[in-house]
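Here's what TrEMBL has on this protein:
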type	residues	note
DOMAIN	346-546	domain 'GPI ethanolamine phosphate transferase 2 C-terminal'
TRANSMEM	349-369	transmembrane segment
TRANSMEM	381-402	transmembrane segment
TRANSMEM	408-423	transmembrane segment
TRANSMEM	473-491	transmembrane segment
TRANSMEM	503-522	transmembrane segment
DOMAIN	552-787	domain 'GPI ethanolamine phosphate transferase 2 C-terminal'
TRANSMEM	557-583	transmembrane segment
TRANSMEM	595-613	transmembrane segment
TRANSMEM	633-654	transmembrane segment
TRANSMEM	722-749	transmembrane segment
TRANSMEM	761-786	transmembrane segment
Amino acid sequence: MPRVKAITTGSIPTFLDVILNFMESDTTSSLANQDTWLAQMKAKKSGKLLMYGDDTWLKLFPETFDRADGTSSFFVSDFTEVDNNVTRHIPDELKNTDWNTMVLHYLGLDHIGHKAGPHSPNMLPKQKEMDGIVRLIYDAMVRESYLEDTLLVLCGDHGMNDGGNHGGSSPGETSPALVFVSPKFKGIGQRRESPTTPEQDLDYYTKVEQSDIVPTLAGLLGFPVPLNNVGVFIPELLQYWSKDVQKLYPGVAHHEKLQLVAENRQQLLDVVSAKYRDPKYFSHGTPQDQCDWSNMDDDDLICQDAKLKNIANNHSAMSDENLQELYIEWTIDWCREAQRVMSSAATEYSVLLLGSGILVATIAVLLSVSNLPSQRLRGPTGFVFVAMTGAYSAMMFASSYVEEEQQFWYWLAAAWVAFLTAKRFQRVRRNRASAVKDAIPALVLLVLLRTITRWNQTGQKYAGAPDITHTFFPTYPILMWTMVTMTYTDLARKLIRHVFHRWTYEVAAAAAFGLSVLSLFFKLSFTSADAPELCPLAFRVLAQILNRGARKTAEGIHVLLTLFLMTQVHVQNIPLFLGFNVLHRIFGQLIDGQPLLTTITMIILTHVSFFALENSNAISSIDLSNAYNGVSGYNALAVGMLLFLSNWAGPVWWTSAGVLMQLDCKERLENTAASRKGLGQDGGNLERGALSPTLSSGRAASSSAAIHSSLSRVGNPGKGPLFTHLAVSTLFMSASMLAVMAACTVLRTHLFIWTVFSPKYLYSMAWCLAWHLGINVGLGSLLYAIGAAGS
């Protein structure tokens, strides 16, 4: 939608349009009351306006088109019908003579990119299909006399990156093709080589701004330039008014080329004047020799405009053809500079509102600190948490660190393993052989973390670099499917243990195997129809889960959640859940039932898993391909939830796994308290090291301070593991949100404010509202309550 606005109005879309772009039913972004080239064509009353394809046009321009047939742009699983619905109208419309504008917005290429990337086997056939449509239209333009004055504009509203997504600032995303086609252009082109040698930065022929389409259409089709346009007439098309063409078409006046650029300059002058000071101030009393071509700001633009006007009013000078060409060149340069100035000033900032947001975030941080007793953050663990939060907050002020945030979490995860291992060695006195044995889990964690972090390359610097998913698996697909099968096999085993426990082994194994295979086949064939007859089975499974022990119920829900999340990620990423499970088990041993350690571990691993699943802080990394799983059409709520769960699958999984770890903390603390009561030991004896015999010998040497703190929390359920987890995680999220808001405010004039810091702000909002409040606090608390019930 933002790019469609630029193509039709010639103006710069706002960043809010990025958010509204995901709201299929949004009507606040309508351009019905704005001046666009569509409105100008309709005002000419020379024919009807037609539109077929992306229904974004129908939302932006209600009651504009006389004939239209729209299709949803967000149902990315459809490659065929969405384009056939457009193509079927073309033959009939090419025979009609009652229209002057026909918009055809094809979505198939975009959907293939979102679903399978630019190297999908479906991409080349779809491109050939588009070539055939262009040929169909051009042949009609050549053959039919009533289409001889028709102009065909072939363009993309955006490109795509190596992942098939868009919204970032990479060359692949910001360099869509643009071609002006007409039989009348024969003989005036520069006859460039086509196809040409591929370029890494997609720098072919020449580059123009998307807003330049608007004044160019206005000049070629003969209507006024829209009022808010900041585009510049494309100079290459001025050749249409060359001497040779004027001989062929005498109706084109000699001065028309000069008039085109002059009107474009005047229209841009009006926009600049509305934005800045009264131009009359600069047109009188300012020496022309003070105008500097090489260093123009908005004041110099007005001054230079006065100089151009003086040249234009000098009739004797303008009779010189060489001076005419020089005047055109100077005018286009002026228009380009005006475009640059207006593009940089396209958005207004309200410092008061920005400051109010920072104030609210600061209050949230202070409230989080006040609800967290100071002793919770004392000692080495508390220092690590404060250092982590401080470093992460400071990192938000550096654009490179925001773009490569995954490196921070990957390094921190490895450092956290070393910290937990050292803490365990310090807590437990062992001989050399036992110490070596305890070091093995740490080595396994480091190797596994290294593998997970190299599963997908993300960020900006290393995007597209070799990784396991895109480099190794295509060469060895059998290994990928082996790992996928292993993951589903492990999940089936857990289904037997935690979901179908009350059934006989044979029945439980069959049910677990069937459910796992069904999930796997769903990944293999999304287009298969839903099976309503499975609904009764789903209710029976749910009843089985709820009719069991509280802890078993929580574990069963976690297993089913894992099964669901595996359907929401790409098949290449399914084995990551097997790695997550191993991390969960080993970290559980190192944490040893301490709530603060559990929470910090969960914070780190939620972020590691987010980036490991090929996400980043760029809008272009939002993956739409799994947002329609099980959905037959667009539904804002369902698609929105699936979109979030597919992109935050890793953090959601670790939230659930973290709850199970918190339940372990609760059980161990309660066992320790029960042991103290049963043995009749006071706090002083416990501080000297007496522990429950139910605890392992390794835990028997835990520090007295930690035990005393743990026992004091058991006596106060309101300050137990869940409270610690929510308080600490809320403090981290509110502090990071405050840092992001402060960075966006302080750096609001930064070169990368819209491509780096603003997208990070949107992601931070998603982390705080959707993940923290919705998943961590909401779902996490519910799962904890289920697991703790009856204990």
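Using the three backbone atoms N, Cα and C, a Cβ is placed for every residue, glycine included.
A contact links the transmembrane segment (408-423) to the transmembrane segment (595-613), because at least 3 Cβ pairs that are 6 or more residues apart lie under 8 A. Remote same-chain residues near the transmembrane segment (761-786) are listed as 18-19, 550, 553-554, 557-558, 606, 617, 619, 644, 648, 651-652, 655-656, 658-659, 662-663, 722, 725-726, 729-730, 733-734, 736-737, 740-741, 744 (criterion: CB distance under 8 Å, separation of at least six residues from the stretch ends). At the 8 Å Cβ cutoff, the transmembrane segment (633-654) and the transmembrane segment (349-369) share fewer than 3 close pairs (sequence separation 6 or more) and do not count as touching. Here the domain 'GPI ethanolamine phosphate transferase 2 C-terminal' (552-787) has a mean pLDDT of 79 out of 100.
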